[in-house]
Every structure is written in C-alpha cells, then in structure tokens.
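Record features (TrEMBL):
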TRANSMEM  6-23  transmembrane segment
TRANSMEM  44-65  transmembrane segment
TRANSMEM  71-92  transmembrane segment
TRANSMEM  118-136  transmembrane segment
TRANSMEM  148-171  transmembrane segment
TRANSMEM  178-196  transmembrane segment
TRANSMEM  221-244  transmembrane segment
TRANSMEM  309-332  transmembrane segment
TRANSMEM  381-402  transmembrane segment
TRANSMEM  414-434  transmembrane segment
TRANSMEM  508-526  transmembrane segment
TRANSMEM  532-550  transmembrane segment
Amino acid sequence: MEILDYIIMLLFTGIVIAAGLSFGKTGSSMKSYFAAGGAVPWRISGLSLFMSFFSAGTFVVWGSIAYQHGFVAIAIQMTMCLGGLAVGIFIAPAWQKSHALTAAEFVSRRLGISVQKFYSYLILLISLMYTGAFLYPVAKIINVSTGFSIEACILVLGILIILYTVVGGLWGVMITDVVQFIVLTAAVIIVVPLAFDRIGGVGELFTNAPPDFFQIVNEEYSWLFLLAFATYNGIFIGGNWAYVQRYTTVDSPKSASKVGYLFAGLYLISPFIWMLPPMIYRIINPELSGLENEGAYLMMCKEVLPKGLIGLMLGGMVFATASSVNTTLNLAAAVFTNDLYKSVRPDTKPKQLMFVAKMAVVIFGAMTIVVALLVPSAGGIVEIVLSVGAVTGCSLYGPPIWALFSKHHTGHSILWCTVLGLAINVYFKFLHSLLTGISLSRAEEMLAGAVIPFALLAGYEVWARSRKGIARDYIHYKEEQQRIANQPEEEDTEEQSSEEQNRYGLKVLARTMAITSLIFIVLALIADHKALWITLSIGIIVALGAWSIFRYTNKKVKADV
C-alpha cells in the first residue's frame, strides 16, 4: 500500500468514528440507547441487519471458501436469502408484536425470570465467543494489507470499536453500518470489472478455473449441508438477540417484515457480486493454502485497485466486518443492564443505569479482544464460525422463537429443550469421535444442530397438545400483554424524541455520504483511465443519494412545523 492509501484509510476511519460519536447526546435513556427510540426507518434497520450478518465472514470466511471451492461459496450464501424470507414472513412481525425492547424482555414475560436469566448468561457467553471470532477477521484484513502484527491490529481496532459503540448506542451502530454498506458496495463494483480485465475477460475465469470450480455443491459442502444451513440461517437471523433488535426497534409488524424482505433481497443479489474477487484471484494466484486462503479477498483488491481506493476499500472492509462486533457489544450491554443488573437493583436511577450500560460495553469489549487473540490457536476463523454455529445456533435461538407461536410450551419445557439440544450437539461435536472413532461430516454436524432442538420442541408440543390444556406461562403472558395494552398512552415527548432521532440520524447519514462521495470523486480524478469513469460515476451516485436524503429530512421538518 502507498502513503495515499494509508491517508484515505485513516480519513475514512475518522469519518466512521465521527458519525458514531455524533450520537453521543441522543442516547440519554435506555430506550434511545438500546432501541434507537423505537421507530427506526425499516430501510436503515434492514441495511444494518444485512451488514451485521454479512460482515461477520464475507471477506475472510466466505472469501476463503470462494477462493478454494468457487461457486459453492455463492450457494452457501444464497441460503441466507431463504432464511431472510422466512424471517420476514413469520418471525420478524411476531417479535415486533411482542412489544418487548429486547429478546430477553420477551423471554422474561413469556417464560419467566429464571429462564430469562439462564438465557441471558448463556447468550453473553456465546456472544463473547462470536464477537472475538468476528474481531479476528477485521485484524486479519489489516494484517494482510499492512504487515502490522495481528495482535497489534486486534488491540487498536478493538479500542476504536468500543469507543464509538459506547458513545453512540444503537443509532451510532446502525448509521455506521449503512455508511459501510454504501462504501463497500461501491468499492466492489469497481473491483469486479478491473479484476476481470486483469485476467483478460470473463471467459478466462471459466476457461482457467479448476474443473469443479462452478459446481453448486461438493463433498464437504453438500446438498444436505445447504439444507441444514438454510434452516440454521432462518433461526439465527430470526432468533439471534442482537438481530432481534432490528425487528423490535421499527414502528410496526409490517415494517419488521420489510426488514426481513430487504435482507433477503440483498442476499439474493450480493453473493454473485461479493464472491467474484476471491474466485478471480484463484486464476491469478492458485498457490494459496491453509490460512493463507483467508487473505484472498484483499489480495485481489490490492492487485487491481488504483492508489487511494485500496485504502478506502480496506477501511470499508474493516468497519463492515467490525459491524458484527459493535452490534453484539450493544446487545450484550443491553442484556446485562436491562435484564441482569436492573433485576438485582431495580431502584437504580436512569443516569446510573446509563453509566452501567456504557461500562458494560467497555468490559465486554475488552473480553472480546482477549478472545480474538486466541482465535489463531483454535484452527482459524472458518472452523470457529461454523463449529460454534452448528453447536449453539438452533439450540439457543430456536426455542424462544418457538415460544413466540406456541400456547403449550412452558418456561421449563423451553429451558430443557435448550439444555438437551446443546448437550446432544456438544456430544456429537466433541465426544462422539473420541468415544466411537467416527467423526460427523460438516453437513451431518450442521444438520444435527438444526434438527435435534426442533425434534425436542415438536415432541413436547405434540405431548402438551394431547393433554388439551394451554400452558399457565402462556396465560400469564397474555394477561401481561393485555395489561400493557390497557395502560394509558404516554405523552408524546417520547414519540417526538424518536422522530427527532430519526431526522438527526438521516442528517448524519446524508453528511457522511456527501463526504464519502467527495472522496470517490477526488480519487477518480487521479485514477488511470480504466478506473476513472466507474469511480467518478459511483461518486456522483453517492452524492445524489446524500442530496435526496437531505431533501427528504427537510421536507419532514417543514411538514412537522
């Protein structure tokens, strides 16, 4: 990388940090800090969901698989589209109708406080594993690009992420997600044609690729794996407590469904675009092996992008991949503050709760850094993401989703289905091979993780229905819902506050987009002929997007006056 790339990367880092920190004054209450006021525009919530989910492994996990196996990586990601559709149709509106601020709040009302505490502690533990695993690929991207040590990258990036997450709250997280989506989409649109030009055209990819490079499945990632992974994704997208915030913070069940549909639509198109760079790099350099595959995406970018744009792409990659970290940190702090600390000290004043919430972000962030430093010794990021997902995903997030729809499950039945599901999956993952000498394939491991908890849940459901009685926990839950519905409407100050937050958030987004468009335009003017016009066009499109958002917010202000 050249000096200009470092300058652009630092400039973009400053832009993202400033956007996140600009929400420091808006998070004055628990609802504004953890739920962004409760009326976030569904487009922003949907893009934030996409970035939070997609960024966890696109460049490192799926980039590695795309380099090694080709089209299989696209097929795997297409299952996320199916998961998003299922969430949009069924799960997202159900979460919104629960009127809970967090998933933990729903679990507490529907299944009882003891079950909620069990889930909260378990979710916090799993979240630490995931966020540590997600911080590692961010550092890996910088490590590949700059040569800085992986440990130094993890420490510096961890501190930066903690900084804008602790100050900006959920609005800060979501707006930075949208900015990263815009930058990365624009950058990849520049990379793909330049990469094809580098190898001599689209036809060269098909001519020089390995024989099985365009197969939909292979021995390791089979049709069975895709089926299991599609099931897993539907549950993970719909039940992960960090993602549930994207459905509960919009204004209606219809908007919550649109969040899921937008996610599905983006995953219908994006895999074909995002996975091309590492696939093309396989033609340029087929010699990568082992953990080197995890750097294929960025190596392709370095191969073709003009000076300056490499730094912008790198900055976008870093903060997009960091999106999963800040999303989960916000969730972990919400669970700890709302559902654990507040239950022990219910008389805590709001200002003290806000202090506890921000300290929780700092503490969980520090623990995340420690976990990330341990990732290389665990076999790399691909193994961690897929293994942890297979063992915990459906067992942990499936039962609360089932409770959204079931009248017959009790708190104890949901708890035991979770514990048994986790125990059986841990056995198959870690103990079965030691005791029998037989290891499950990747597909069998993922299928077991998806099927076992649902078999347990369905079995109890059938038994409970045969007794022709509705669970007492469900009756208490409906009574509580009715009591909440009958409470007098709060004054319009909170609603007005959420409207003000929306307008402020959109203004910050528009300003950030305008600055980003200037970066693209300036870089276009110093780029070579091949990159000039496409970079300039993207800069103009981003500028027009910023202008349209400015116009929209100004119209809203005039309409409200």
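Don't overthink the numbers, they just go from 1 along the chain as shown.
Glycine is no exception: its Cβ is also placed from the backbone N, Cα and C atoms.
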Should the transmembrane segment (309-332) and the transmembrane segment (221-244) be scored as in contact, given a threshold of at least 3 Cβ pairs under 8 Å and pairs 6 or more apart?
yes
Result, the transmembrane segment (532-550) in contact with the transmembrane segment (148-171) (3+ CB pairs under 8 Å):
no
Residues of the same chain, at least six outside the transmembrane segment (6-23), with any C-beta under 8 angstroms of its C-beta?
146, 160, 163-165, 167-169, 171-173, 175-176, 179-180, 183, 308-309, 311-312, 314-316, 318-319, 504-505, 508-509, 512, 515-516, 519, 523
